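K.L.:
According to TrEMBL, the record shows the following:
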- 175-278: domain 'Methyltransferase type 12' (DOMAIN)
- 1-20: region 'Disordered' (REGION)
- 36-55: region 'Disordered' (REGION)
């Protein structure tokens with residue numbers, strides 16, 4: 001079989017600029033879209049308006065105390081049907097599957113692209129403040145599945161052998177914080193066939209962790225899902241410090257009270273091996289989701305509560321850089337993804353702003 005053409009491979013963001021406005025509705029998304037001064041001013045005014053009055057302190061405390069319940073309710077309602085598998089993971093974060101070659105399974109990639117083109121026609125809706133982030137292809141990554149060489153009867157207890165913690169025998173360890181229903185974890189397990197891989201995933205929603213553990217793809221010989229509240233610095237992780245190669249934070253840090261973010265990032269950095277890294281993708285300032293909030297939903301500057309009680313913060317690059325460098329990490333990447341999403345059926349445009357970061361832990365001086 002001939003090798004798939006370059007055009008069939010999924011593009012990394014930033015590689016599809018809109019150079020001709022007449023071609024606006026020819027694709028479902030355009031990268032690095034420049035905002036006019038008028039558009040920037042309009043976004044700033046909307047944020048000033050919807051954040052002109054903060055919710056009372058007692059209400060804010062209520063949302064913090066009941067945060068777990070709100071996310072449990074979210075996953076009870078949506079189960080695994082709201083967010084779909086993140087099929088962009090390995091183009092944006094190739095570190096998650098170091099031996100993966102984008103040329104292999106090119107037909108599957110092309111199939112994803114076609115599904116994304118059609119399914120993104122449904123983009124644009126916001127439900128209780130949760131704006132669609134990705135396409136809704138029903139079988140993301142199924143075409144790329146590489147069956148792991150494992151025994152179905154294995155368990156985390158068997159895998160740990162004499163090391164004293166799940167995954168202790170592994171040579172490449174990944175932790176996802178805020179795993180939800182597993183839309184990042186399962187693509188990693190399906191795509192990375194390294195026999196030394198072990199993936200940890202946690203969420204403080206018991207419902208979310210149950211969804212992961214009850215998924216047919218869950219394999220306790222390669223994965224360990226557990227309930228964990230990263231805001232509680234007294235709650236131990238199942239792995240020791242300096243044992244992880246990668247920590248993943250995808251649209252999760254934004255759900256945390258801003259005052260607690262630094263201690264969380266610092267604690268996660270301690271889990272990294274020297275040379276290990278944190279991969280982040282999250283909401284940027286003036287994203288569509290921020291502009292759609294109404295007055296009366298703002299908790300503090302750039303921090304809001306959705307209709308279902310879950311919360312979200314909108315970052316700048318500098319804020320994230322400060323969080324990571326204060327934790328002793330060094331920048332590899334910190335970029336804004338200003339994307340113009342298009343609903344061609346409704347002739348509708350949506351401006352999204354996301355931030356993507358990679359920060360690594362330096363090796364100790366000799």
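Every residue gets a Cβ built from N, Cα and C, even glycine.
Any TrEMBL annotation is an automated prediction that lacks curation.
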K.L.:
Could you break down the residues of the domain 'Methyltransferase type 12' (175-278) into DSSP helix, strand and coil, giving a count for each?
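P.N.:
Computed counts for the domain 'Methyltransferase type 12' (175-278) are 32 helix, 29 strand, 43 coil.
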K.L.:
Short question: which residues 6 or more past the ends of the region 'Disordered' (36-55) have a Cβ under 8 Å from it?
P.N.:
286, 290-291, 293-302, 304-305, 351
K.L.:
Run through the region 'Disordered' (36-55) and tell me, per DSSP, how many residues are helix, strand and coil.
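P.N.:
Looking at the region 'Disordered' (36-55) with DSSP, the answer is 14 helix, 0 strand, 6 coil.
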